[in-house]
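Engineer: Taken from Swiss-Prot, the feature Zn(2+) binding site applies to CYS12, CYS15, CYS34, CYS37, supported by sequence analysis. The ATP binding site annotation in Swiss-Prot covers PRO125, THR126, GLY127, THR128, GLY129, LYS130, THR131, LEU132 and rests on sequence analysis. Per Swiss-Prot, domain 'ClpX-type ZB' is recorded for 1-53, and the stated evidence type is sequence analysis.
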Amino acid sequence: MSSDPPAKTQHCSFCGIEQGRDTPLIAGIEGQICEACVRLAEQVVANWGRKRSMAELHGNVPKPEDIKRHLDQYVIGQELAKEILSVAVYNHYKRLRHESREILGLAGSDTEVQVGKSNILMIGPTGTGKTLLASTLARIVGVPFVVADATTLTQAGYVGDDVENILVRLLEAADGSVERAEWGIVYIDEVDKLAKSPEMAINTRDISGEGVQQALLRFVEGSQVKVAARGRRREGSGGGEEVTIDTRNILFIAGGAFPGLERHVEKRIGPPRGEIGFHAPVQDAKRPLLEELLAEIQPEDLRRFGLIPEFIGRFPVIAPLEPLDEAAFVRILTEPRDALVRQYQKLFAYEGVELVFTEPAIRRIAARTIERDTGARGLRSIIEHILRRPMFEIPSQSDVRQCVVDADTVDGKAPVTLVRAEEEAGGARLAAGEV
């Protein structure tokens, strides 16, 4: 009677540990691996991914002139702001690029000098392009980008969005990659609404003004923050997982209209007005323009407006934006790569219809936008109102070839002109002398 040969003892092909009740092995075609080696391999692969992400991010940073040239394709005017932003973004990502090269061992380390980051504060009237500038910068550099509305932020524990949610959304925008999120750009809109209210009662907790400024300080300056890993599609697994995000390298850009800020500037730089009488010096009646005042903004003006000194200090780069005039709105409608007129012309082209705006119509749209005081974002609502009826009717009318908008159409005195196929053919024959 022959007995079966003893079973061959299995060992982990990586560490050599023997298979046992407490040491199961995962078998492959030519080997086995234990749980401890699986976890170690996971860490190694994750480190490879981290190095790949950093290698992608530390690629060549566009030079300031290249950044501004790209901004020029999408944002009309605002030359000073675009120059300031181009330099600030270049310096920020140049610093990160060199730091990442040191981490990857691609460059020598200089521990004596640590270059700090310079967050940006954009100041200008509503609709002058603050959000567009920030989003375009993120697209140029190729980093994750989120917009946070300062008016919805509250201190943790109160109804509303707490500051940590900004980082959760940034992680989602980075497709769950913590490394990419830590190189992202956060734009905080309407930050002027966080100014301290002078009429706030002494015993009333300011949960959405100064309180939010205080809550933002540690994020903006740089700290280790734990957030829920909702966005971790690449690396994450189960719900409830938390990840730590280092905000030291996140570029924060804040923006706001700051209505009335120019009065603080004018009071600071203007001549004294206290002298009266026959021998008092004659004051120049010409007051500075708004854009001239915005270009002279100093931290003390922001403090008088209601921002706390600690918050102001975290935004050393100030980029003023000029009010837009009619000529600027005309250019915004027609010149950028994704100009509104071109967007609607493309929509109509899907239906085989040519959309035409006459020059007087373009000027009237610009003038109406100034009358409404809504800034560039008000242009779309005006065009939507003008084209609402044709956009409703044209898909059902296959013979329409052209849609013409003139000044009377903009003013509501006449409907848009629809040129149909038979009219177009008749006009062509008339021009050729056939009719």
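Cβ from N, Cα, C; glycine included.
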Engineer: For the C-alpha pair, I'd like the distance in angstrom between THR126 (ATP binding site) and CYS15 (Zn(2+) binding site), rounded off.
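Structural biologist: So the alpha carbons of THR126 (ATP binding site) and CYS15 (Zn(2+) binding site) sit roughly 64 Å from each other.
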Engineer: Beyond PRO125, THR126, GLY127, THR128, GLY129, LYS130, THR131, LEU132, what residues of that chain have CB atoms within 8 A of the centre of the ATP site's CB atoms?
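Structural biologist: Close Cβ neighbours, site residues excluded: GLY124, GLY255, LEU321, GLY375, ALA376, ARG377.
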Engineer: Ranked by the number of other Cβ atoms within 10 Å of their own Cβ, which of the binding-site residues THR126, THR128, THR131 ranks first?
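Structural biologist: Sorting the candidates by Cβ neighbours within 10 Å, the top entry is THR128.
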Engineer: Report the residues of the chain - excluding CYS12, CYS15, CYS34, CYS37 - with C-beta within 8 Å of the mean position of the site's C-beta atoms, for the recorded Zn(2+) site, in sequence order.
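Structural biologist: After dropping the recorded site residues, what remains is SER13, PHE14, GLY16, ILE17, LEU25, GLN32, ILE33, GLU35, ALA36, VAL38.
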Engineer: Could you tell me which of these binding-site residues, PRO125, GLY127, GLY129, has the greatest number of Cβ atoms within 10 Å of its own Cβ?
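Structural biologist: By the 10 Å Cβ neighbour count, GLY129 comes out on top.
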Engineer: Let me know how many other Cβ atoms fall within 10 Å of the Cβ of LYS130 (ATP binding site).
Structural biologist: 27
Engineer: Can you tell me the CA-to-CA distance separating CYS37 (Zn(2+) binding site) and LYS130 (ATP binding site), as a whole number of Å?
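Structural biologist: Approximately 51 Å lies between the Cα of CYS37 (Zn(2+) binding site) and that of LYS130 (ATP binding site).
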Engineer: Please compare the binding-site residues CYS15, CYS34, LEU132 by how many other CB atoms fall within 10 Å of each one's CB, and tell me which has the fewest.
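Structural biologist: The binding-site residues CYS15, CYS34, LEU132 were compared, and CYS15 has the fewest Cβ atoms within 10 Å.
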Engineer: How big is the Cα-to-Cα gap, in Å, between GLY129 (ATP binding site) and CYS12 (Zn(2+) binding site)?
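Structural biologist: Rounded to a whole number, the Cα-Cα distance is 61 Å.
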Engineer: Take the C-alpha atoms of THR131 (ATP binding site) and CYS34 (Zn(2+) binding site) and report the distance between them in angstrom, rounded.
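Structural biologist: For THR131 (ATP binding site) versus CYS34 (Zn(2+) binding site), the Cα atoms are 52 Å apart.
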Engineer: Any same-chain residues 6+ apart from CYS12 (Zn(2+) binding site) with CB under 8 Å of its CB? Would you list them in sequence order, or say none?
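Structural biologist: When sequence neighbours closer than 6 are ignored, CYS12 (Zn(2+) binding site) has GLN19, LEU25, GLN32, ILE33, CYS34, CYS37 within Cβ distance under 8 Å.
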Engineer: Look up CYS34 (Zn(2+) binding site) in the DSSP assignment and reduce it to helix, strand or coil.
Structural biologist: strand
Engineer: Would you count the other C-beta atoms found within 10 angstroms of the C-beta of CYS37 (Zn(2+) binding site) for me?
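Structural biologist: Other Cβ atoms found within 10 Å: 18.
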